[in-house]
Amino acid sequence: MLRLTRKLYTHESVEAAYKREDKPVNWKEILKGCSCSKICSFLLKFVPIITEVQKPYIKDCVVNDLIAGLSVAFMHLPQALGFGVLASLQPVNGLYTTFFPLICYIIFGTSPHISFGTTAIVSMMTSSVVEREEAVYWNTLNISSNMSINDPAIQDQLMAYKVQVSMTLCFVVGVILTVVGILRLGFVSTYLSESFIGGFTFACAIYIATSQLSKALNISVGIVSGPGRLLRYYIILFSKIHEGNWADFLIAVFTGFIILAVNIGVNQRFRDRMKIPVPIDLIVVVLATLISKLGSFEYNLGVDIVGDVKSGVPAPQLPDLSGYMFTRVVADSFLIAVVIFTATISMAKLCAQIHGNTIDDNQEAFAYGVTNIVASLFMCFPASQAHPRTMMLSTLKVKSTLSGVSSALLVLILLLGAGPLFAHLPIAVLAAMIIVAMKDLFALIRVLPYYWRVSKSDFLIWVLTACVSLATDLEIGIYFGVSFSILTVMFHSCPQWAKGYLLARAKDEDLYLDKSSRVGLEDVHGVKIFTFDSKLYFATAEIFRKDLYEQVYTPVKLEIVEPEKGQELAILPPIQGETIHHIIIDCSHITYIDITGINILRQLVVDYRHMGTEIFLTKVPPFTVTALANSNFFDVLPMDSIFFDVNDAVQHARVYTQPQPATP
């Protein structure tokens, strides 16, 4: 039998035996840390690539990392073209949003596995903003003159305006993330629950797939924005279904079937035997472009194609930072910034855990911010990581951000000269690729039975966030989901759920458990041990007193007046049954106490003392001890009545009540 022994500790004796170390401010060390070398070292932390390339393992891993970057580039290219279209911009904007963020993240990022560039959800959120602003801008144009939206000149003007909106959006998102990194506010992502993110992501997948249906059918739906746009989109789409092109539809279906067949039948089935998966998306893009060009699909079948893809790298230009544009996109920028940071940092931490790396949340936020600020100068929309690319880098076991160099070089080659080769690529191919890419996001709905079993509130957050997002708009869905998540936290923290109950001692062990829900426990004679599973403040103070009275007894006073003396006396009625000489209050859950709670506790000490019952406090959190001390509470209850542990208080209560030997 194992026997453990230690001294009996009060709060004061623990503080005396194990003193807290108060470190004085060492101004010499502070001034020494402000030297030029220290300042330079601090600034270099914001550019981790400088120290990264000096590490000894770089020589051994650089070749593998560059090869891995080429493999990921084969995923970047088709995704860039497709997500450029998904963002309601041009395919070339997707290439820009791949190249420039790749370069910037190499310099400022700390995770070797994060593949920065285009991603479906952020592209969809960008599309929501630019289409909304396009609708406002078009209404302005339409009022000034009677013009057709199908006019090529008007289309070019609208596209230029949408690019400006996306650049401003990208810039503001970058500023927000940079501020988060500099002010070390990376913890904000913890306030978004997993159930909220899951429901919102599922709704995004529905929007993304829906937005590509018109492109797969080659039907012009026009500008659809605002609450209820998903339903209105389907109404317009089905009203024009007769205008669809069967050739585009067949190309989309065949493309989707091929990609699914290879991904499921080859890449997933033989993933343990293959070092890199088959780049089926890139293969399909190349083959579809060749077949479309050779068969003149645009002229013979009326297939909608990508068209001219601009060659070269755009000259830097400032986004539109006018007051009007800024106020139009700032709210959306906050939402997109949160989504980018949450999605990217979670993947960075996951890969770091797998490979034993370390990730600096705040430096990562700074990297995401600077990357988007620089990208906004080159006609880009907000950039983030994409799960498939990141997991490929993780599988290939890259060890530095240098893998982005080879990826960026391949994209640059495409920008400088190979872009026009994709002019004959059918838009339906890109649409099918995007729809198929949503397969894993659609599968998120399978988590609902698990949520229902484990947490009904998480189930409701997931379902309601998804439903509201689909019924109204993504922006409203985010506001609703975050608000509802906060409400569920408030509901679970509601003071009405606070509860006080008695503890009892296990037989033959100094273990104290809930008396009402367990067997094999016994009371300590003359001692009641009470615990309260909430903070003690104005909303819970009366619940605390009520439960204590019910579980122990109510200290009743009967006031009378002696006629001959004319003064009041308190007549204390005898306690029925067992005499309670000590009440021990376990304060381990009382991590916060306010004035109302302190006053209630002070009154209870006085009232029970009049009844001959002393109160001991145990396991009192530091904040609560400080609050009690500042309120002069220990003038009523001395510090030697505050104990380190429940068992310390119980043993002291037993000694306290033992009869003392007579003095000779």
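Cβ atoms are placed via backbone N, Cα and C, with glycine included.
Predicted automatically and left uncurated, TrEMBL annotations should be read as such.
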Looking at 216-237, 524-545, which stretch does TrEMBL describe as transmembrane segment?
216-237
Segment-segment contact (the transmembrane segment (325-345); the transmembrane segment (365-385)) at 3 or more Cβ pairs under 8 Å:
yes
Between 0 and 100, where does the mean pLDDT of the domain 'STAS' (517-653) sit?
84
Taking pairs 6 or more apart in sequence, does the count of Cβ pairs under 8 Å between the transmembrane segment (165-185) and the transmembrane segment (365-385) hit 3 or more?
yes
Contact call for the transmembrane segment (216-237) and the transmembrane segment (66-87): at least 3 Cβ pairs under 8 Å, seq gap 6+:
no
Where DSSP helix means H, G or I and strand means E or B, what are the helix, strand and coil counts for the domain 'STAS' (517-653)?
50 helix, 30 strand, 57 coil
